[in-house]
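Below is one structure, written out as C-alpha cells, with a few remarks after it.
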Amino acid sequence: MPPIELSQTQFEQHFGYASQQTVFAPGRVNIIGEHTDYNDGFVMPCAINYGMSVSFAKRDDSIWRVYAIDINETDAFDIKKEIPQSEDKWKNYVRGVVKYIQERCPEFIQGADIAMTSDVPMSSGLSSSAALEISIGKTCQVLGNLPISLAEIALIGQRAENKFVGANCGNMDQLTSALGQKDHLVMIDCRSLDISPTPVPQGYFIAIINSNVKHDLVTGEYNSRRQECEFAAQFFGVKALRDVSPEQFIERAAELQQLNELAYKRAKHVISENHRVLEAVEALKANDMQKLGVLMGESHDSMRDDFEITIPEIDYLVELAQVAIGKNGGARMTGGGFGGCIICLVPNEKVEALRKLIAENYQKQTGIQETFYVCTASDGVRVV
C-alpha cells in the first residue's frame, strides 16, 4: 500500500477516527556535490518519489500523540511544557522539530494525533530523516497556520537533527525535501539558499541501487569529517571551504599537507567537488552527458581516495554501473557514506542491462542482495 493511503488507514485503525489532513515529504538523492553542504558549498540533488506520509488531526488540547506505523511504536508529549529528549532516536526527530518550530512561533500550542509511515529505506543515504523532519515541520505549519516559509522549515529540520538528535548534518537534505521540483534537479547554494532548477535530461532515468550496507551518521565518522573541514577552513583563514578556489588550494596544499594530512585530503575533496557541481550545471545546460558522466566518476574517486567515505561494496557497485552505462551517463556513491546507495544517470535503453549486470554479480561477490529503484524527480513537501 502506498504511504499516503497507509498513513490514512492506519490513523483510523489506531486512533479510532478519521484523520483530517495528510502531508507528504519526499526523500532525496544527490546527483553530485557530496559533503559540500556544511562547507557552505554547492549541491545538485532532486527530491524523489519515495517519502514520508503524515496523517493528522487536531486535538482540543496541547498533547501530541504520535504513532510510528513502520516500527509499531508510539510517543506522547505535551507541547505546552518543555519538550524533553527521548532515549528512542526516532522520537527525537519529531520532538526536536516541534521544539524548534515553537521557538520560531511561540504561539504554536496546537495538540494533534499523528500517524506516519515512510517508504524511504532507513540508513540508505536517501534522507529518510529529512523526509521525517520536513513532514513534521509542514504538519506544524498547517496545524497552526504558521507564517513560516518552506526554507525556514528546512533549516528548523536541520537544527533539530544537529542539536536534538546529535547528527552534525548540513542543510541539503532538508532543503531538497522542502523545495524539490518535479522533473528537475535543483542546484542549491547552501550559503545563500538560492535554488536553480535544471530539467532532468530527456531520455535518462535516475536509478538508485542500495548496497544494503547500512550507515549511521550519528555514530559514523561524519562528525569527524566535518571537524577536519573546519580545521582546513581555519588554515586558509576563511569562513568555510567554499571560499577557497582550486587555485588557492594548490598554492598552499603542500603546507597544509605537512601540517595535517587528513585535513589536506578532506579539503582537496570539498574544493574540487564544489567546482565539479558548477561544471555539472554547465554540462547539463549543454546536454553533454559524457562530461556529466566524467564528473560523476571523478566525484566518486574523490570520495574514495580523499574523503575516504566509500566501502568496497559501494566501489564495486559503481564499477559495475559504469560498465553497464558506458560513456553517456554516470554513477557514483550518494549520501553521507560508509554504505547506503549509488546513483546512476542512465539512458532509458540501458536500465535493464544495468539491472541485469548488477543482479548477476553483486550478490555473488559480496553475499548481500542489492535493491534497485528507478526514481523520478518529484515535487517537495505538499499537503495531499
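Here the Cβ of each residue, glycine as well, is placed from N, Cα and C on the backbone.
In the three-state DSSP reading, ASP173 (active site, proton acceptor) counts as helix. For ASP173, the entry in Swiss-Prot reads active site, proton acceptor.
Around the Cβ of ASP37 (substrate binding site), a 10 Å sphere holds 25 further Cβ atoms from the protein chains shown. In three-state terms derived from DSSP, ASP37 (substrate binding site) belongs to a helical segment. What Swiss-Prot lists as substrate binding site is GLU34, HIS35, THR36, ASP37, TYR222.
Annotation comment: Swiss-Prot describes SER123, SER124, GLY125, LEU126, SER127, SER128, SER129 as ATP binding site. According to DSSP, SER128 (ATP binding site) is assigned to a helical segment.
Sequence-distant neighbours of GLU161 (Mg(2+) binding site): residues of the same chain at least 6 apart with a C-beta under 8 Å from its C-beta are TYR93, GLY96, SER129, ALA130, GLU133, ALA167, CYS169, GLN174. Taken from Swiss-Prot, the feature Mg(2+) binding site covers SER129, GLU161, and the record attributes it to sequence analysis.
With a 10 A radius on its CB, ARG28 (site 'Transition state stabilizer') counts 34 other CB atoms from all the protein chains. Marked as site 'Transition state stabilizer' by Swiss-Prot on the basis of sequence analysis: ARG28.
The binding-site residues THR36, SER127, SER128, SER129 differ in how many other CB atoms lie within 10 Å of their CB, and the one with the most is SER127. Of all the recorded positions in the list ARG28, GLU34, HIS35, THR36, TYR222, the shortest Cα-Cα distance to SER128 (ATP binding site) is found for ARG28. For the binding site of substrate, formed by GLU34, HIS35, THR36, ASP37, TYR222 according to the record, the largest Cα to Cα distance is 13 Å, rounded to a whole number. Separation of the C-alpha atoms of THR36 (substrate binding site) and ARG28 (site 'Transition state stabilizer'): 16 Å, rounded to the nearest whole number. Sequence-distant contacts (6 or more apart, same chain, Cβ under 8 Å) of HIS35 (substrate binding site) comprise GLY170, ARG225, CYS229, HIS269, VAL270, GLU273, MET303, PHE307, ILE309, GLY336, GLY337.
SER127 (ATP binding site) sits 14 Å from ASP37 (substrate binding site), counting Cα to Cα. Just so you know, the Cβ of TYR222 (substrate binding site) picks up 20 other Cβ atoms within 10 Å once every protein chain is counted.
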